[in-house]
């Protein structure tokens, strides 16, 4: 990479503001990070130890929690370190490459897993008698393997193409992580074609994950409406509400951040959108999937008693 770039390291500006504001942000994001890691770890542990949660829905939820822990850990610890110390945060070219690659790869895997969870909910609501046959253990394991492998393979070229650019304007990134849009701003090369290809790839991933989700929920809603009893409708919808909420928050944030032909948006825009994807969504995951889930709450109580 050093042969193609004049910059061997970058400086992350992080967040503007006074030292007092930085301390407030440090405490806030440390709280978010701690709750995210502990909450998602709790989900993983309970799903693994409680036999009542040995179903495809919770199997996917466990892997989603692993992804959330890894995603938030790609950038937040370095961001906290930058808030703790005055001045700009230094990151090497290799570390910047690794951070961007892990962040994008894990995010891609998460989108595929979210689409799989939507299809799982469709089969559970619309084809309950065939659920155990369709969503068997081999299918679930295969879906998880595909989501992980595809995510890490799909993002090789985008990250490679980004770091083939010549960064000669500056080595200061106006962000708290190695943001691709800010890296394009530092390049002296004409990156419009690369940005357009990356835009198409982002559309392929995000819209590609949304299509099966939208189709699945269209069938789910039409099936729920036909259920005669109000309690039955409420029970059927409760099994899907958590996943639907998570999709709206996660996909909405990524649509604003990545699905745009020009990647070089304002730094403030990228910071806010990145915080939604990296911090807020993983933080909400444990609450969205557990607070209204009676089976999970019961399993949690039993584990605590043991």
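Cβ atoms are placed via backbone N, Cα and C, with glycine included.
A TrEMBL annotation is a machine prediction, not a hand-curated record.
As recorded in TrEMBL, the features of this protein are as follows:
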type: DOMAIN; residues: 39-289; note: domain 'G-protein coupled receptors family 1 profile'
type: TRANSMEM; residues: 21-46; note: transmembrane segment
type: TRANSMEM; residues: 58-80; note: transmembrane segment
type: TRANSMEM; residues: 100-119; note: transmembrane segment
type: TRANSMEM; residues: 140-160; note: transmembrane segment
type: TRANSMEM; residues: 196-220; note: transmembrane segment
type: TRANSMEM; residues: 241-259; note: transmembrane segment
type: TRANSMEM; residues: 271-291; note: transmembrane segment
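When each of 21-46, 58-80, 140-160 is checked for Cβ pairs under 8 Å to the transmembrane segment (271-291), 21-46 comes out on top. A mean pLDDT of 85 is what the model gives for the domain 'G-protein coupled receptors family 1 profile' (39-289).
Comparison of 21-46, 58-80, 100-119, 196-220 by number of C-beta pairs under 8 angstroms to the transmembrane segment (140-160) places 100-119 first.
Between the transmembrane segment (196-220) and the stretches 21-46, 58-80, 100-119, the greatest number of Cβ pairs separated by less than 8 Å involves 100-119. Long-range Cβ contacts of the transmembrane segment (100-119) within its own chain (Cβ-Cβ under 8 Å, at least 6 residues beyond either end) map to 57, 60-61, 63-64, 67-68, 70-71, 74-75, 143-144, 146-148, 150-152, 154-156, 158-159, 162, 177-178, 180, 183, 205-206, 208-210, 212-213, 216-217, 243, 246-247, 250-251, 254, 277-278. Note on the transmembrane segment (21-46): residues 15, 53, 61-62, 65-66, 68-69, 72-73, 76-77, 79-80, 83-84, 279-280, 282-283, 285-287, 289-290, 296, 299-300, 303 of its chain, located 6 or more positions outside it, place their CB under 8 angstroms from a CB of the stretch.
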